[in-house]
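Asks: Okay, here's the structure, questions in a sec.
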Amino acid sequence: MIEFDNLTYLHGKPQGTGLLKANPEDFVVVEDLGFEPDGEGEHILVRILKNGCNTRFVADALAKFLKIHAREVSFAGQKDKHAVTEQWFCARVPGKEMPDLSAFQLEGCQVLEYARHKRKLRLGALKGNAFTLVLRDVSNRDDVEQRLIDICVKGVPNYFGAQRFGIGGSNLQGALRWAQTNTPVRDRNKRSFWLSAARSALFNQIVAERLKKADVNQVVDGDALQLAGRGSWFVATTEELAELQRRVNDKELMITAALPGSGEWGTQREALAFEQAAVAEETELQTLLVREKVEAARRAMLLYPQQLSWNWWDDVTVEIRFWLPAGSFATSVVRELINTTGEYAHIAE
C-alpha cells in the first residue's frame, strides 16, 4: 500500500515548505448545507462557531444542555478540531416551545443562529464547505504562485486526506488487523472508521497509479464517467472516446476511480483491468470490504476547487480561499502547493 505522503502528485512534488495551522484562525471552515431551515418541525438546527473544539464533544454538550440523549443530536460531518469552524448541529426537541439556545455556553463555542426543521440532519447531508487558509513561512513564493495558477486549470487529485486514516494511520491499521484476524468488531464507530479507511486507501492507490500515466484526464475504453457534481456514472465505449474526451476537457464530465467493495466496480475492459491491477496486492482489504457487504461506488479522480482566490500578505504569507464539495479534503489541495510543516498540519478530529 502506498503511504499517503508518497502518493503521486499531479503538479509534481512541491519545491518549498510552509506552515499550516500555525493557530486555529489560520484554518477557517464554513459549512454550506445547501438549504435553509424549514422554520417548523420537531428538530432544531443550530449553527455554532467553534474554535479548537471537537465536533462530537460539542454535540454531547448540546445534548446535555437540552436534557436529551446524545443520540438525538446529529451533524452533517466531522470538522477540524484545530481550526475555526462554523457548523450546523441538529437536535430532536419535539413540542411547541423553543429552547433558548442563546444561553448555551461552552468554551470556544458561540451559537450564531437556530431554527426549527422538519428532518434530522444526517451525516453527509451537506453541499460543501468554504475554506480560508493561511500558509506561513512559505519558502518558495514563486513555486506556490505557479501551482495556484495551475490548480485553477487542472485541479488536484481527489485523494482522501490523511485525516481519514486516523492519527498515525491507526484506522487503516485497525482495518488490516480486522481483515487478518476475522474477529467480529462490535463497536459501530470502529467498524465505520476502519471500513472507510480501507476503501479510501484503495481509492487513493488507484488514483496514484493512474496519475503515473501520461495524462490522468485521458479517457480510456471502459472508463466510468460522471457528470460534474453528480453521483451516477456511465461507461465509455471505444466509439465515443473522442466526444467524451472533449466533454472531459471542458470539465462537463469527470473520470472516476473505484471505491472498491462488493458488487461490480463500474468500469469495464481496459479501465477495469487497470483498476484491478492497481490494487491487486491489497487482497486483505478487498476481502474485508466484500465480507462486510460494503457496496462498491465511484468517486471523481480529480477535484477542482471552486472560487479559488489568494492574496499574498507578504513574501512568506499567503491567504487562500476556495469552496469544496462535501467529501473533499482541503489538505489534498494544500498538499499540491507546499510540503506542510506544523504540529496539526494533517490532524483533524
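Placed from the backbone N, Cα and C atoms, the Cβ positions cover glycine too.
Under the heading active site, nucleophile, Swiss-Prot lists ASP80. Sequence annotations record features per position, and here Swiss-Prot assigns substrate binding site to PHE27, ASN129, PHE329 based on sequence analysis. What Swiss-Prot lists as domain 'TRUD' is 155-303.
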Asks: Taking PHE27, PHE329 as the binding-site residues to compare, which has the smallest set of other Cβ atoms within 10 Å?
Replies: PHE329
Asks: According to DSSP, which of helix, strand or coil covers ASN129 (substrate binding site)?
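Replies: SS state of ASN129 (substrate binding site) = strand.
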Asks: Specify the nearest of the binding-site residues PHE27, ASN129, PHE329 to ASP80 (active site, nucleophile), where nearness means the distance between Cα atoms.
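Replies: Considering only the listed binding-site residues, the nearest one is PHE27.
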Asks: Counting across all protein chains shown, how many other Cβ atoms sit within 10 Å of the Cβ of ASN129 (substrate binding site)?
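Replies: ASN129 (substrate binding site): 25 neighbouring Cβ atoms within 10 Å.
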Asks: Around the substrate site formed by PHE27, ASN129, PHE329, list the extra residues of the same chain whose Cβ is within 8 Å of the site's Cβ centroid.
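Replies: So the extra residues in range turn out to be VAL29, ASP80, ALA83, PHE131, LEU133, LEU324, ALA330, THR331.
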Asks: Using only the Cα atoms of PHE27, ASN129, PHE329, which the record gives as binding substrate, return the largest interatomic distance in Å, rounded to a whole number.
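Replies: If we measure all Cα pairs in PHE27, ASN129, PHE329, the largest is 13 Å.
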Asks: According to DSSP, collapsed to three classes, what secondary structure does PHE27 (substrate binding site) have?
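Replies: Once the DSSP labels are grouped into three classes, PHE27 (substrate binding site) ends up as strand.
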Asks: Across all the protein chains here, work out how many other Cβ atoms are within 10 Å of the Cβ of ASP80 (active site, nucleophile).
Replies: 25
